[in-house]
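**Student:** Mind having a look at this structure? Questions to follow.
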Amino acid sequence: MLTLAWRTIRGRMGGFVGAFIALLTAAALITGCGILLESGLRSNLPPQRYAGAEVVVAANQSLELPNVPDVSYGDRVRLPADLVPVIENVPGVEAAVADHSVPVSLASGDGVTEIAGRPITGHGWDSASLAPLDLTRGRAPETSDEVVLDSRVAAHADAETGDRLEIAVGSAPRSYTVVGVASRSGGLREPSVFFTPEQAETLSGHPGQVDAIGVIAADGQTAATLAPRVETAVSAHSQDARVFTGADRGSIEFLDIGTAKNTLVAVAGSFGGIAFMVALFIVISTLALQLQQRQRELALLRAIAATPRQLHRLIGAETLLVSATAGILGAGLGVLLSSLLRDAFAGIGLVPTDLPLTIGAVPMLVAVVLCVAAARLAGWVSARKAVRIRPVEALGAAAVQTPRLGRARAVSGVVTLLAGLAMSMLPILVDGDTATGAAAMSVVVLVIAVGLLGPRIAAASIRLLGPVLSRGLGVSGYLAAANTRGNARRLAAAITPLVLAVAIASVQIFTGTTRAAIAADQAETGVRADFVVSGDSGLDPGLAAKIRDLDGASATPLVRQQVRGEHHVGGSKNPTTRVFAAQGLDPNGLADTVNLDVRDGRTDRLRGETVALSLAAADILGTRVGDRVRLHLADGTAIRPKVVAVYGNGLGFGDITLPHRLLLAHTPNGLDESVLVAAEDSADRDRLDTALRHLTGRYVGVTVRTPESVGAAGQDQAATQGLATLLLLAAVFGYIAIGVSNTLVMATSQRRREFSLLRLVGTRRRQVLAMMRVETVVVIAVATVLGSLLALPPLVGVSLGLTERRDAIPAISLPIYLGILAVAALIATASIMLTTRLALRTRPVEGIGIRE
C-alpha cells in the first residue's frame, strides 16, 4: 500500500503540497514551543564567580511539593552563617567562603544601577577567591569605607585606586575609597563591587545569613569525593541546605536564570497548548479540503470495486508519508523558531540575553508524532463520507456539492456551539478566576463549532448576500453568487481559517488589554495619597519615618513581592501553588493613603502574622476571614497568617496584602519600593511638596510623583509578559496566516478548469477577475463578521468575571482591532487574487483538459 500511496503522491504532487506545508509549519511551531519549555526545565549557565569552588552549598531555591514540578521561590533563599565552620571542619576542605550579594548603584546623577544591561552587585572580597579574581592594581579592602572594583565597573566609573566613589545601597549613598581593581579571565557576567566581608554582610540586610558557601577542595580532592562528605555534614545542621557541583553551581550563582526558566515554562506551556489546538485545526481543515478535491478520484476507485477499507488504508498511507516527512523537516525549522523567540523574549526583558537553549530530541519527536497522529485522524475523519458511499452513486455524488451535513456532524456542531456560549457566560453564574479563564478559552470551542457547521453557515451567508450580489454588481456579482451558492463547502473551507485568525487574535489580545485597563483603574481610584515617593533601587526603610516628621504629612511605606499560596484543586490531597502579587502595607495611615475596597473584615488588624486577600485570591485559596492560609514568601519562608480582611481591588494592588514589617523582613535587601504620602486637611500641599523634594534630594534616584503615576501591582511584569504573549501570538498568527493562505491557494488553484470553461463560453478575463474580487470580498466579509461575533462572548465573559459582573464591556483598542481585520483581509486578497491571476495564464483550450 505504501508503494501505491507514493505513486499517488507523485502523480498528484500539487494537491499534496498544501497538506505538506500545513504539517511542516505545524511541526515547526510545536517544536519551537517544546524547546522553550524544555529550556525552562533544564537550561543552566556555567558558573563564573563560583567556578573555582569545587562544591557550592546553598539553600534549596525551589519549592518542592508532591506530584508537581519544582518552582523557584523568586528571590534568594539564604542559609545560616554558622554552617561555614561546620563545612570548614569537613576532611578534604581547604576553605569554606561565605558569599553575600547586594544590589548597588554608582551614585552619579540619578544613580547607575546597570552596566551593559546587567545589574551592579556588591560582594565581600573574600568571595573573590571562588572565581578566582586577581588584583590587577592596588590591594584588598581592609576597612568598611574601602572597595575593590572589577575592571568593567572601574572603566565605567573612570575610577583609579585612591579615588573616592559614591556608592549607594538602595537610595542611601556613602563615600568609599577605591583601593584596588580586579579582573577574571573571561570577565564576569555581572559587574561587581567588593567590600570587606563584614561590610558586605551589613549591607545585605540579613546579618547572620549567607547567600551561599563556596567550598575549595584541598590538594588531591575532587568534587566527586568531597560533595558526599559536605552533604552529610550540612544535612545534620540544616534541612534546607543543598550541595551543588558542576554546571548546577550556575543555578545558584545566577538566580535570574531560575526566574526566567519559570517564566519560560509558564509562557511556553500555556501557548504550546493553544499552538497545538490551532495547528490541529489547520491541519484537519487543509487535509479535508485536499480530500474534498479528490472526490472524483475516490469515487472512481469505489466505482471499480475498491472497498472502504482499502481506501482508508490508501489515504492512511498517503498521510503517513506526507506527515512523517513534513514533521521531520518541520522539527528542524522549529529549532530556528525557538532561537528567534528566545532572542525576541530577551529583547523585551522577559529572559536574560545569555539564557541558553536546551535543544533535545524530545520536543522534535513529540512534534513529529503529533503531526502524524493529527494527519491520520484528519484523513480518517475526512474520508469517511467518500469511502462509505455506494459505488453506483459515487461518481454522481462527487460531481455535486451540497451544504447538507451528516446528522452526527450537525448535532456535534450545535452542541459544541452551545457549550462554547455556556463557557463564555460562566462568570455570570460563578465567581472566581476559573470561570474567567474558561470564558477566555471558550473561543477555541466556538471556532471548532464553526468548523463543524461551516457549510451550513456559508450557505446561510450566501442566501443573505446572493440577491445583493446578483442585482447590484452585474455579471461579476451574478457569477460570484452562483459559484458560492453551488460550492458552499469550498466557501466554508476558505472562511473557517480566517474566522480562526480573527477570533483567536482578538480574544488573546483584548483579554490582556481588558485586564490591564481594570487594574489601572483600580490603582488610580484606590490611591488616596497626594504624593508618591519612589526610588529606582529601593528606599531606605527609615525614609517613611522622616516623612511623617514633616508638618501635615501622613506616610505609608509600600513594599512589593511575589508570594506563592498553597491550595488544593478538585479535592486533591496533594497541594499545588499559585503565584500572587503581594504588597506589604503599614496599617498606620493606611486609610488615608489607600482604598482596597474592603468587602469583609478590617485592614487595621493587619499586624503580626496576618493577611488580607483579594476576592480572587480568597476564592482560589478557598478561605475567608478568620481562616489561616499557607503562604511561601520569596525567600523561602513558609508562614500561616490569619485572614483579617477580603478586598475587591486585587488587580490594582495585588492579591495578597501583608503587614509591612513582615514582608519587608523577607525582601532581598530590606528596602521599601515607595512611600505613599497624604496631606492632612489643614496642611499646605505646596509647602509639603517643597519639603518632600528637599528631603528626598539627599538620596540617590528618589523622585516625588503624583498618585496618577503609580502603576498597578505587577504592572511592569504584566506588561513584559503581555509583550511575550504578543510575540507568541505573532508566531501562532503567522502559522494561521500560512494555513489560511495555503487553504485559499488550494481552493483557488483547483478552479482552473472552471475558469477555462467560463472563458470558452464568452466570459472575458476581466470579468473572471471581477468575479473573484467579489468572492474575495464575500470571504473577507463573512469571516471578519463571524470571527468578531465569536470573539465577543468570550471577551464579555472575561470583563464580567474581572469586574464582578459590574461591567460587560471589554477594553478593545479600535486601531488594533482594525489592524487584525486588515491583516486577515490582506492575506485573503493576496492568496485568492494572485492564485487567480496565475490560473488565468493558462489558455482556455488547454485548461479545460487539465485533469483533476
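Glycine is no exception: its Cβ is also placed from the backbone N, Cα and C atoms.
Note that this is a predicted model, so its numbers are computed, not measured.
What TrEMBL shows for this protein is this:
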DOMAIN    270-390  domain 'ABC3 transporter permease C-terminal'
DOMAIN    733-841  domain 'ABC3 transporter permease C-terminal'
TRANSMEM  264-289  transmembrane segment
TRANSMEM  319-341  transmembrane segment
TRANSMEM  361-381  transmembrane segment
TRANSMEM  410-429  transmembrane segment
TRANSMEM  435-454  transmembrane segment
TRANSMEM  491-510  transmembrane segment
TRANSMEM  723-747  transmembrane segment
TRANSMEM  768-792  transmembrane segment
TRANSMEM  812-834  transmembrane segment
**Student:** Within the same chain, where does the transmembrane segment (812-834) have neighbours whose Cβ lies under 8 angstroms from its own Cβ atoms, ignoring anything closer than 6 residues to its ends? I mean 6 or more beyond.
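**Tutor:** 494, 498, 501-502, 505-506, 509-510, 513, 733, 737, 740-741, 744-745, 748, 769, 772-773, 775-776, 779-780, 783-784, 787, 795.
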**Student:** Using a Cβ cut-off of under 8 Å, list the residues of the same chain at least 6 residues beyond the transmembrane segment (768-792) that approach it.
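**Tutor:** Distant Cβ neighbours of the transmembrane segment (768-792) are 443, 446-447, 450, 457-458, 461-462, 465, 469, 473, 475-477, 479-480, 483-484, 491, 494-495, 498-503, 506-507, 510, 744, 748, 755, 758-759, 821, 824-825, 828-829, 832-833, 836-837, 840.
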**Student:** Need a quick answer: max count of Cβ pairs under 8 Å to the transmembrane segment (491-510), which of 264-289, 361-381, 410-429, 435-454, 723-747 is it?
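**Tutor:** Out of the listed stretches, 723-747 contacts the transmembrane segment (491-510) most.
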**Student:** Could you tell me what the rest of the chain brings near the transmembrane segment (410-429), counting residues at least six beyond its ends with Cβ under 8 Å?
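**Tutor:** Counting only partners 6 or more residues beyond its ends, the transmembrane segment (410-429) has Cβ contacts under 8 Å with 435-436, 438-439, 441-443, 445-446, 448-450, 452-453, 456, 793-794, 796-798, 800-801, 805.
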**Student:** Excluding the flanking five residues on each side, which residues at least 6 beyond the ends of the transmembrane segment (435-454) place their CB within less than 8 Å of a CB in that stretch?
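**Tutor:** Result: 274, 277, 281, 284-285, 405, 409-410, 412-414, 416-417, 419-421, 423-427, 429, 489, 492-493, 495-496, 499-500, 503-504, 507, 511, 786, 790-791, 793-794, 797-798, 800-802.
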**Student:** Mind tallying the domain 'ABC3 transporter permease C-terminal' (733-841) by DSSP state, helix then strand then coil?
**Tutor:** 90 helix, 0 strand, 19 coil
**Student:** Considering only Cβ pairs within less than 8 angstroms, which of the stretches 264-289, 319-341, 361-381 has the most against the transmembrane segment (723-747)?
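**Tutor:** Ranking 264-289, 319-341, 361-381 by Cβ pairs under 8 Å to the transmembrane segment (723-747) puts 264-289 first.
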**Student:** At a C-beta cut-off of under 8 Å, are there same-chain residues at least 6 beyond the transmembrane segment (264-289) that contact it? List them, or none.
**Tutor:** 18-19, 22-23, 25-26, 29-30, 33-34, 36-37, 39-41, 69, 319, 345, 350-351, 370-371, 374-375, 377-379, 381-382, 444, 447-448, 451, 490, 493, 496-497, 500, 504, 721, 724-725, 728-729, 731-732, 735-736, 739, 742-743, 746-747
**Student:** With DSSP as the reference, give the number of residues of the domain 'ABC3 transporter permease C-terminal' (270-390) in helix, strand and coil.
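**Tutor:** Counts, helix then strand then coil: 100 helix, 0 strand, 21 coil.
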**Student:** In terms of Cβ proximity under 8 Å, which residues at least six beyond the ends of the transmembrane segment (361-381) contact it?
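**Tutor:** Tertiary neighbours of the transmembrane segment (361-381) are 19, 23, 26-28, 30-31, 33-35, 37-38, 276, 279-280, 283-284, 286-288, 291, 312, 315-316, 318-320, 322-324, 326-328, 330-332, 334-335.
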**Student:** Averaged over the domain 'ABC3 transporter permease C-terminal' (270-390), what pLDDT does the prediction give?
**Tutor:** 82
